[in-house]
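First up is the structure itself, then whatever we jot down about it.
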Amino acid sequence: PSSSNYPSERRPQDMGTLYNVLRDAGQQRSHDDWVKRIDALGAQGRWSDSIDMLEEVIQSNLDPSVKTHTAAMRSCAVWRRWQHALALMNDLQGRDLTPSAGTYDAAIAACRGASRNDLVLQLFGKMRLRGMQPSAESYSGAIRAHGMAKRHGDALALLQELWDRGVEPGERCYRAAMQACAAAGQWHSE
């Protein structure tokens with residue numbers, strides 16, 4: 001149906017309005033619907049609305065899930081809101097929910113984007129202690145963090161770890177490793 005079927009004050013201008021129309025019509029939302037909605041808000045640059053949407057899940061007496069928290073954290077990561085991402089991770093753990101690898105990836109991305117290299121390395125370490133496999137993106141964040149601390153040996157060890165796992169590090173990991181070596185004065189071009 002075209003949007004002209006809605007009265008002008010009820011015409012969906014974005015996903016938020018559309019979801020409100022569906023809610024008012026008595027449509028139920030699944031957790032996957034909430035996750036998609038939260039992700040869409042983040043993609044629109046509306047990270048604070050994504051957190052509000054997570055609050056709506058909680059206030060609606062729906063059990064918030066790792067996925068809904070992670071979606072809100074991804075929104076925070078895109079906009080470098082590392083404090084909010086970490087607060088959401090703490091809230092998740094306070095609800096006795098176990099963060100997933102994707103949850104850690106989102107927290108690492110938020111901290112990396114804000115140049116909080118100390119937190120990137122802490123989260124990366126916690127993730128590994130829990131036996132989770134970090135993504136190549138999280139590895140690149142950790143490699144970059146080691147580089148910023150002029151620990152090129154640690155950066156190269158992470159690159160080697162990816163190769164040992166049979167994972168192609170990708171351009172970001174290679175670039176981060178080169179920058180780590182350059183920052184430590186260990187990059188020689190021929």
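Placed from the backbone N, Cα and C atoms, the Cβ positions cover glycine too.
TrEMBL entries are annotated by machine, without manual review.
Quick look at what TrEMBL lists:
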- 100-134: repeat 'PPR' (REPEAT)
- 135-169: repeat 'PPR' (REPEAT)
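If you look at the repeat 'PPR' (135-169), the same-chain residues 6 or more away from its ends with a CB under 8 A from one of its CBs are 101, 104-105, 108-109, 111-112, 115, 117-118, 120-121, 124, 127, 175-177, 179-181, 183-184, 186. Taking H, G and I as helix, E and B as strand and the rest as coil, DSSP gives the repeat 'PPR' (135-169) the counts 26 helix, 0 strand, 9 coil. For the repeat 'PPR' (100-134), the DSSP counts in helix, strand and coil order read 26 helix, 0 strand, 9 coil. In the predicted model, the repeat 'PPR' (100-134) has a mean pLDDT of 93.
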